[in-house]
Amino acid sequence: MNSIKNVPARVLSRRPGHSLEAEREQFDKTQAISISKAINTQEAPVKEKHARRIILGTHHEKGAFTFWSYAIGLPLPSSSILSWKFCHVLHKVLRDGHPNVLHDCQRYRSNIREIGDLWGHLHDRYGQLVNVYTKLLLTKISFHLKHPQFPAGLEVTDEVLEKAAGTDVNNIFQLTVEMFDYMDCELKLSESVFRQLNTAIAVSQMSSGQCRLAPLIQVIQDCSHLYHYTVKLLFKLHSCLPADTLQGHRDRFHEQFHSLRNFFRRASDMLYFKRLIQIPRLPEGPPNFLRASALAEHIKPVVVIPEEAPEDEEPENLIEISTGPPAGEPVVVADLFDQTFGPPNGSVKDDRDLQIESLKREVEMLRSELEKIKLEAQRYIAQLKSQVNALEGELEEQRKQKQKALVDNEQLRHELAQLRAAQLEGERSQGLREEAERKASATEARYNKLKEKHSELVHVHAELLRKNADTAKQLTVTQQSQEEVARVKEQLAFQVEQVKRESELKLEEKSDQLEKLKRELEAKAGELARAQEALSHTEQSKSELSSRLDTLSAEKDALSGAVRQREADLLAAQSLVRETEAALSREQQRSSQEQGELQGRLAERESQEQGLRQRLLDEQFAVLRGAAAEAAGILQDAVSKLDDPLHLRCTSSPDYLVSRAQEALDAVSTLEEGHAQYLTSLADASALVAALTRFSHLAADTIINGGATSHLAPTDPADRLIDTCRECGARALELMGQLQDQQALRHMQASLVRTPLQGILQLGQELKPKSLDVRQEELGAVVDKEMAATSAAIEDAVRRIEDMMNQARHASSGVKLEVNERILNSCTDLMKAIRLLVTTSTSLQKEIVESGRGAATQQEFYAKNSRWTEGLISASKAVGWGATQLVEAADKVVLHTGKYEELIVCSHEIAASTAQLVAASKVKANKHSPHLSRLQECSRTVNERAANVVASTKSGQEQIEDRDTMDFSGLSLIKLKKQEMETQVRVLELEKTLEAERMRLGELRKQHYVLAGASGSPGEEVAIRPSTAPRSVTTKKPPLAQKPSVAPRQDHQLDKKDGIYPAQLVNY
């Protein structure tokens, strides 16, 4: 056989089975597969076997470096489900992983916070859950780093809790607050998950529901420990501090108690949790911390995880122990070796190499068997722990029942004979406990042969026995104290005997269960002893194989050299890592220095901002003071015009004076609002300056026109008007002085000017001339004609709508027919309501005329009240015109040639016109008139029918129009951002267009009022009105009513018939 010398190191380093690099690569591969299978985008819960492999990997490498190296590369911002499952896996790693995992996760706090903030700003259901979950994880990491006495699993004894709390009341107080915050984060996550689930169906059996519910198992485990610790700490605080100081703690605990109890109750009702976890039940009410003895009644909630069922596929080993060559790479290495050195003589491999490989396989097989035996032992130990925990819970429940019985016995102090019988029964139970203690001590002796983990089980069991002995001692002391009772009431003997029998039955049942558990414990101990024997045999076989391997160590010097070379490379790599860590620490120091500098700059910027803010306040007040000074000059100039001889030839009308005075009063209200806004925000005086400018001009204009009006008025009213104008100017100047003083500005009294302005307004009303009696022969006829024409137009509109409804039934079907019928029915109802309104208004007008005309005729009454008559005519025309326009719009909508918005606008116009008609009728009506009450009811009916038209139109429009659903599934983050910006641009354009159209609508309305005020007389309007006689042909439209041209008379509107004209300033 040819011997090969000086084998290249690169060939030796690729031989599987002994290289540390190959073992590390296999470990990394296993972890990568487990992480990719556990954290994916499928909406399903994380499988337990993948999470368990990741947790075992943290124990293998004593940290979470590998986990975070793969987790950083996951595309968490792209999928909310991926982020949710990452948080779930991280929670399990924190709870069950190696203790160093906590410090490794501390380095990636910023990554966790960024993921939570990212999904918190997006409207995604899983995203909102991820935001809450990341806050919980950050709180958990901070708490356990601050309190290293508490492991991430939160499972500590009461002694460790006492040691962590210490004796300082401040530390206990702070620790309790931190545990409250911890519990709030846990409960908030559970509430967020349940809020997204539909409890009406079995969501816990669906993969989507289980994906959300799976992390709540860890939440239940955390909450049970946190609840127990907070109860202990609160009792300790109440023993040191007064109750009033801890009122806030008690309120917060009660709120958390009810939330936790509802959480446990809802989780217990779900099928998903019943097979995975045993959830404890909390008592009906929270503990009473004001009573120190209530601590003995507290029972620690115990969460039990049932034994996991065996999985179908075998778990993957952390170290490759396969007997066959790896796929791909070993074949390539063998071919390269043969091509370089040639095949060996007679065989492919050397006999020694084959023997070495067979021995390696045997060693690996024995090692795997040893690992299996260890895993089985750990599984047995976990099962025994769960049984002991269940037994502990049952014993606690039994102790509580005994305490309740003792409380009843204390209340019934007269049961001496029965208590002695109970004492004998207690001695019998004590004998049973002593026998159980002897058996437990024997079990402890057998378990001392196992590892240190078995001693922990024996310690827990002995602690339980000691608690039982203490309970028996307490029972004996209580019974001895009961012997002092002198009298016994025979009436309660039956009740005590019944309590005794129940306690005996329960005690016997618990003793039988305890004996059964002892027997099972002994059986498990025997199985563990047999496993120990098999382990010893395996170790002997391993020693024999080791001796055989030692004989072949001389031939493995070359391999040892290669290993030493690899170790040297590893040391070099470690030195490189240390250098990298040193550079990283320097970078962190530099970052901290830069942070300090930035904080200094921030403080400087804040001081500059404060100075600029003060400067802005000064500048705003300077602008306000300048505006007030300018306004004072304008008012002073207006007051001086009252004594100016050149102003004597200037005249004005009372109507114009009234309009200017009313505008000035409105400007006073605006000035008060601007003053209030300025006091709220001293940095913005724009509203106050604008209001001040407008007020000064309007007040000056009112003063000037008041003087001009007094030139044509009688002497006495003219003198009073001049005096009022001077008083208004003086009060306005006083107000301007207050605005210029920074101290008096806050107490400005705008009411100083309102009183003289109201006086000017009242004098202007008194100076108005009375209306002239014009067209005595025409006004009455015009009113009757307009009311008759309006009724006829409404009748035609009702008939036309019925014709359109018949045509729509023949021309359309389906959804369109349903929409058209609904719209036309609502229009018909509206027309009927308007017809009833017009009829009632006519009756009310007749009543007004008959009650108010006296000895005069009807024509004379209308002529005497010409303004009221013109308003009535205008309102009647507006109703008729609105009804006609509504019919036209409905016809266009049914024929699909019009817009739904036209119908809505016509409905609003009809409502406004009927309101105008009602207002015109109510002016001279008696408030107790039955016709007026019916008119008001009809007006409300018209408004309701108009609202029905609008509602049916909008619903029909939404029913017919197709609505495109927004689909964002194929859009990336960049595309979404681009479309968001484009949509914002479109929104701004539409808002600008909307503002322009609103301004145009305002100008049209202004022009409409101007034209309405400047139109001809009512007699002329009647002359140009077309005939409103109904037509017999149903296919033709009813006559089109003319839009009213006589607008309701306002105080500031003028009419040439009044004989008064606006003021004209003439200079001679």
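Glycine residues also receive a Cβ, built from the backbone N, Cα and C atoms like all the rest.
Because the structure is a prediction, the values reported are computed rather than measured.
Sequence annotations record features per position, and here Swiss-Prot assigns domain 'ENTH' to 23-151. Sorting the domain 'ENTH' (23-151) by DSSP state (H, G, I as helix; E, B as strand; all else coil) yields 97 helix, 0 strand, 32 coil.
Summed and averaged per residue, pLDDT over the coiled coil (347-599) gives 68. Taken from Swiss-Prot, the feature coiled coil covers 347-599.
Feature annotation from Swiss-Prot assigns region 'Disordered' to 424-443 (among others).
The region 'Disordered' annotation in Swiss-Prot covers 529-549 (among others).
Positions annotated as region 'Disordered' by Swiss-Prot: 582-608 (among others).
Across the compositional bias 'Low complexity' (590-600), the DSSP tally of helix, strand and coil residues reads 11 helix, 0 strand, 0 coil. Feature annotation from Swiss-Prot assigns compositional bias 'Low complexity' to 590-600.
Here Swiss-Prot flags 867-924 as region 'Important for actin binding'.
For 1016-1060 (among others), the entry in Swiss-Prot reads region 'Disordered'.
Residues or ranges marked as phosphoserine by Swiss-Prot: SER1017.
When DSSP labels each residue, the region 'Important for actin binding' (867-924) comes out as 51 helix, 0 strand, 7 coil, counted as helix, strand and coil in that order.
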